[in-house]
Amino acid sequence: MRLATWNVNSLRSRVDRVEAFVDRHEIDVLALQETKGRPDQLPLMGLEARGYEVAALGVNQWNGVAICSRVGLDDVQEGFTGMPGFGDPVAPESRALGAVCGGVRVWSLYVPNGRKVDDPHYVYKLEWLARLRQSAGSWLGEDAALVGDWNIAPLDTDVFDIKAFAKDTHVTPPERAAFNAFVEDGWSDVVRPHQPAHDTYTYWDYYRQRFERNRGMRIDFVLGSPSLARRVSGAFVDKDERDPAQGTGSPSDHAPVVVDLA
DNA sequence: ATGGTCGCGATGCGA
């Protein structure tokens, strides 16, 4: 079974790339983030014609997650217990979507960005992660994957220049502690062992030709439960999907992450 | 320290 996660930065503007991606790699389960549209706005016909069932959430301009599966889509869950809101009473639900696909519990996660370290959204991010961790504990015993855009770079080498991030979110000790708490619970990054240490990025900002200069960040992860991690036979980041010179139309600022399960 | 580029949806805002 082949599982992928991708912050697609608008499914409507990228559906051709998404369809070509699932065809090229024969993806069984695709978790999407930043779909940027209500489910009724999303162009899903092409995916459904390929045999995918789709569950989607999304209520405003940037939040929005989906799961596309051609190996079953059961027990769909919108959000998790205690998932905190941030003012907007409807936005929180669009950040997490769970389903059981081919026997694997998959969560498509769009962790709050946090904006600035002195911003209330930063506190919200940490609270959101703490609540997710509480719920995730009950999935550790099954084949489960917490996938998506975590908006955290756990290691200094996961950003192109750690000195440039001195005052920024994504690398602060509390965010890294929140990420590492999942690891300490038993969730593991199942992709990193399959990558060279110097080539781990999943995101390159649109500004200043960051992709062309390989000034990126590693913020998209597939965290597997112990039993799922034992099934992983391979993994890779499809950087071609971030390359403006490849494919049609403009790319997302994130590359998809692909994991193979035995 | 600033600004650079996207997507959305009609203007600035969030990433």
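Here the Cβ of each residue, glycine as well, is placed from N, Cα and C on the backbone.
Heads up, TrEMBL stuff is auto-annotated, nobody curated it.
Computed from a predicted structure; not experimentally measured.
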Fill in the blank from the handout: Listed alongside A:GLU34, A:ASP149, A:ASN151, A:ASP253, A:HIS254 for Mg(2+) in TrEMBL, from A:ASN7, A:ASN180, is A:ASN7
Exercise for the section: Provide, as an integer number of angstrom, the distance between the C-alpha atoms of A:ASN151 (Mg(2+) binding site) and A:HIS254 (active site, proton acceptor). Expected result: 11
Completion exercise
Cβ atoms other than its own within 10 Å of the Cβ of A:ASN7 (Mg(2+) binding site), all chains, total 25
Problem - Residue among binding-site residues A:GLU34, A:ASP149, A:ASP253 with least C-beta crowding, 10 angstrom cut-off - result: A:ASP253
Handout entry: CB-centroid shell, 8 A cutoff, Mg(2+) site A:ASN7, A:GLU34, A:ASP149, A:ASN151, A:ASP253, A:HIS254, site residues removed
Key = A:ASN9, A:GLN33, A:TYR110, A:TYR203, A:ILE219, A:ASP220, A:SER252
